[in-house]
Structure formats: structure tokens, C-alpha cells
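These notes concern the structure reproduced below.
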Amino acid sequence: MTTDLRTLLIILAAALATYATRIGGYVMITRMKTIPPRLERALNAVPGAVLATLVAPAFFDGGWDVKAALIVALLVGLRHAGFGLIIAGWGTAVLIRHFA
Amino acid sequence: MNRTDIWQGARTGAVVAFSTLPFGLLFGAVAVDGGVTPLEATIMSATIFGGASQLVGVQLFGHHVPAWLVVLSVFAVNFRHILYSAAMAPHVQDYTLGQRLLAFFFLTDPQFAESVKRSEETGRVSPIWYLSMAFVIYVVWVAGSALGAVFGKLITDPKAIAMDVLLPVYFLGLVLGFRRRANFLPVVAVSAAASILAMHTVGSPWHVSIGAIAGIIVAALLPEPKGTKAES
């Protein structure tokens, strides 16, 4: 009634593809008998390396409101861990968009 | 012991859920706006469970592109999770098969980042901690999408309340959480530069995987810096 079969099948295929990405790396790595130290260092770098790619283009291509928000968030984040950085960065963007 | 793990996992999950709730709402609103029904939007959140890829998906639905292209695009946006699941291998060794299969379903960006942090702080990522965190994030994500789909018309101007800034700011916070890791600066700098370059040449969403792989190669090539504590 509120969905058609084609859409539903596409969604389920996309869900399967997503699950494959979430388990694929594990399946590949457990096939290896030992993990060379170089590979271990590479895996250790995964969080920083991936997350940086989610931030950098937003900063580079964003307007100066986005740039200012990220810079303020960075400065707050270097001093305090936790939620303050999100509020500070987001608040900066809201203020600029309403008053500048 | 188990009870503190449940509680701590749920608490971390609540903090993550709070910052992802706006995106759940936004996703629901955008999906309905693009011609997806509220039920379909909710099913997407419940089965794909990946915000950015879901947004790409509904945008393609709106353009009536072939089905395989929608699936491939979702796969491309989520490709980075392959790296996460490889890096999670040492942490899930003592999980049962069922726990493992379930845990990988929930392996989102914050789930991965918080798990790595947890193992650095306590030496272990227990299944009960991991799954209670995942459960809170999941419930809030699916409920938020449903709410956004039903009441989405109320958000008239998401830019005015700077919703688009929340995600990069939130990810920046996660990046900073890893700043004491070996070779953090060169890895992040190379990833950032490569992702910007790839964004303007190959285009989105491949800039994520290309940028990440560039940074990871740097980490593999650089020697282990002196004075870094070896991880078990």
C-alpha cells in the first residue's frame, strides 16, 4: 500500500551491499595466518585517515561560515573533549547565518 | 561487571544518538520530499543503517536512475566500512558467531570510533558494551527517521539552523580523539589533502575511500615512531 516491490527490493539490495562492506574487511583479514606489523600500523591509522576525509572537503569547499565553524570547533576540541566542540562549531555557524 | 558494561555502552550510545538524531530527522524529511514514502524511509534506516549512503540513495530514487546504480552508489558511500571491519578483527575475537554477525551490522562511523577508543581506555570491547551502545544508536536512528518522514515538512529551512554543519563538526571531534596515535599528523594531513583532490577530480563519494587509502599507505610506509606504546 505505502511501498512498491521494486523500491523495497532496491532497499534490501542496498542493505545487503552495506552489510558486505561492514563484514568484508573482517572476513579478508581473518583469512590471513599472521598480520605483518606494517599492515597492523596501516589498520591502526584507519580511524584518523577515514574520518579526515569526511571533514577536509567540507572545510575546503564550504563557505566561510562552515570554515569558521570548523576552526572554532577545532580550537575548542583541542582543549576539551566531548560535546562542547559540537555546540561551539554548530553555534558559530548559526550565529553567522543569522547575523552576518 | 556486565551491568556496568551495559550502562556505559548505553551512555556512550546516547551521546552519539543525540548528535545523529538531527540527521535521522533530516533524512526522513529529505526522503519524503524526494518521493519516498515514510514507511520506505523507515525501512531504509532499519536495514541500511548508514546516514550518508541513505541520503545518496533517496536522491537517486528521485531521479529514477536504474536500480543497480542506486545499489552501487550506496555501496560506494559505505565502502570505507571494509577498513573498519578489518581493523575491528582483534576486538571481536572472543565474540560468539551470532554476536559477531550482529556486531558487524551495527558497524557505523561512531560505533567504530568509540570502540577503538574503548579498547584504548579499558583494553577490551565487550560484546555487551558494544551491542548496548549499538542498540541505543539504532533505535534513535530508526525512530528519528520515522519522525522526520512524518513531520518533516515542519523543518522548512535546514540551512538556517545549520544542520549541514553538524556532521563535519561531529566528525572533526572524532578525528581529534585519535590525535595521540602514532603518526597522527602525517596520516590525517595526507588523507585530508588526497580527499580534497579526489573530490575535485574523481568526485564524491570516492574521495572518501581514495583519501583514506592515501593516509593508510603513509602509515604503512612510515616507521613506528619511538616512544609510542605498542598495542596488544
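Any Cβ shown, glycine's included, is placed from N, Cα and C.
Annotated features in TrEMBL:
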type     : residues  : note
TRANSMEM : B:12-32   : transmembrane segment
TRANSMEM : B:65-83   : transmembrane segment
TRANSMEM : B:128-154 : transmembrane segment
TRANSMEM : B:160-177 : transmembrane segment
TRANSMEM : B:184-200 : transmembrane segment
TRANSMEM : B:206-223 : transmembrane segment
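Residues 38, 40-42, 44-45, 51, 54-55, 58-59, 110-111, 114, 118, 132-137, 139-153, 155, 158, 163, 166-167, 170 of the same chain sit 6 or more residues outside the transmembrane segment (B:12-32) yet have a Cβ under 8 Å from a Cβ within it.
Only residues 6 or more beyond the boundaries of the transmembrane segment (B:128-154), in the same chain, are considered here, and those with a CB under 8 A from a CB of the stretch are 2, 5-10, 12-14, 16-17, 20-33, 36-38, 41-42, 44-46, 49, 51, 99, 102-103, 106, 108, 110-111, 114-115, 118. When Cβ-Cβ distances below 8 Å are used as the criterion, the transmembrane segment (B:206-223) is approached by residues 76-77, 79-80, 83, 182-183, 186-188, 190-196, 198-199 of the same chain, each at least six residues removed from its ends.
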